[in-house]
Amino acid sequence: MKRAFIMVLDSFGIGEAKDAKSFGDEGADTLGHIARACARGEADIGRQGPLHLPNLSRLGLGKAALESTGRFPEGLDENAEVIGAYGYANELSSGKDTPSGHWEIAGVPVLFDWGYFHEHQNSFPQALLDTLVERANLPGYLGNCHSSGTVILDQLGEEHMKSGKPIFYTSADSVFQIACHEETFGLERLYELCEIARDELNKGGYNIGRVIARPFVGDKAGHFQRTGNRHDLAVEPPAPTMLKKLVDEKQGDVVSIGKIADIYANVGITKKVKATGIDALFDATLQEMRQAGNDTIVFTNFVDFDSSYGHRRDVAGYAAALELFDRRLPEMLALVKEDDILILTADHGCDPTWHGSDHTREHIPVLVYGPKVKPGSLGERDTFADIGQTVARYFGLSPMAYGKPMF
């Protein structure tokens, strides 16, 4: 029985990519800088001491980071007995965004350039804004700028609740984000507005990767909180991913947990499981692993590393979340059967010690575990697509156009 379990620790980079300088990210190192802060007592909020990741270390995380950066992460166990295969991968795709990283993991790198809204103020074309106001019957809009999602809620949340005007904002990624209060504006109305925005962006040829619904609750600045009802409206991958090939060629199953289905625009997904928070995502993953049959991929995105800690530049929070994941990892390893493979990886970096609030261009870890997987180094991989090619070969699918099998 063949089953693959793919876990994306969203934004968990392990050192600057070769082309990091062209992204303004030379020197970025999500894992390394978190580990250094912990070792120096600079991340003792809600946790204490050096970064403690014994189970990820057994899968080769520290050694993969050493290969990536030439430095072993401070505080991690250099003498851990490694029970898995480990390496690191470069990104071939043109961007450092979520769809690019995930599509490339599934064998389809993004070799075109996304469209972006470059202006930090008055970010969106007036014609687009006017059309959205008219089609969605809006009283107007707020924002129209680059911003961190949490900052803009404190700045404009109260005005939004009073006026009924949605908050439009973007970032360095190819995104059009819309924040609205779940109760005063309405969740379904927000989703409908996002559908309209997606349609207009498509028709206008803007080539924007995602429209993201950002619902929130609360009653005043400092008390607003984004909810788990986020919804991403992505464009479809430009070629069949290994997910779609598994469904088409083997009539297999692909179980999406978290935002995976949104990222792939539901293409190649046979079941969607919604969960919010690391523990809930972990619980849902374990449940699906227990019931997975032959020719099944269980694919989980642990978004909190990125959304709650990376973008918010919360080093201690990121460290605590990694330690929580690590504590629960033995539960996952125990469910890996004789012919299964478990792959732990990331989609980009988001160094919480870095300037700004955007992603960082980094290598990703590639940690592979299974009773039939030979422990040892997988070395440097030229593309995230090596993961997709490896999974395609494992299931006996037609080869992907990009990537080399790792074993």
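Sequential numbering from 1, following the chain as shown.
Each Cβ is built from the backbone N, Cα and C atoms, and glycine gets one as well.
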Problem - Site-mate of D306, H311 for Mn(2+) 2 in Swiss-Prot, selected among H359, H363 - result: H359
Practice task
Would you list, in sequence order, the residues of this chain other than D10, D347, H348 that have their CB within 8 A of the centroid of the site's CB atoms, where the site is the one recorded for Mn(2+) 1?
Solution key: V8, L9, S11, F12, G13, T98, G101, H102, D306, A346, G349, C350, H359, I364
Exercise for the section: Check the binding-site residues D10, D306, D347 for other C-beta atoms within 10 angstroms of each C-beta and report the one with the most. Expected result: D347
Handout entry: Other CB atoms, at most 10 A from the CB of H348 (Mn(2+) 1 binding site)
Key = 31
Exercise for the section: Return the member of D10, D347, H348 nearest to D306 (Mn(2+) 2 binding site) in space, with distance defined Cα to Cα and candidates limited to these binding-site residues. Expected result: D10
Problem - binding-site residues (H311, H359), the one with most neighbouring Cβ atoms at 10 Å - result: H359
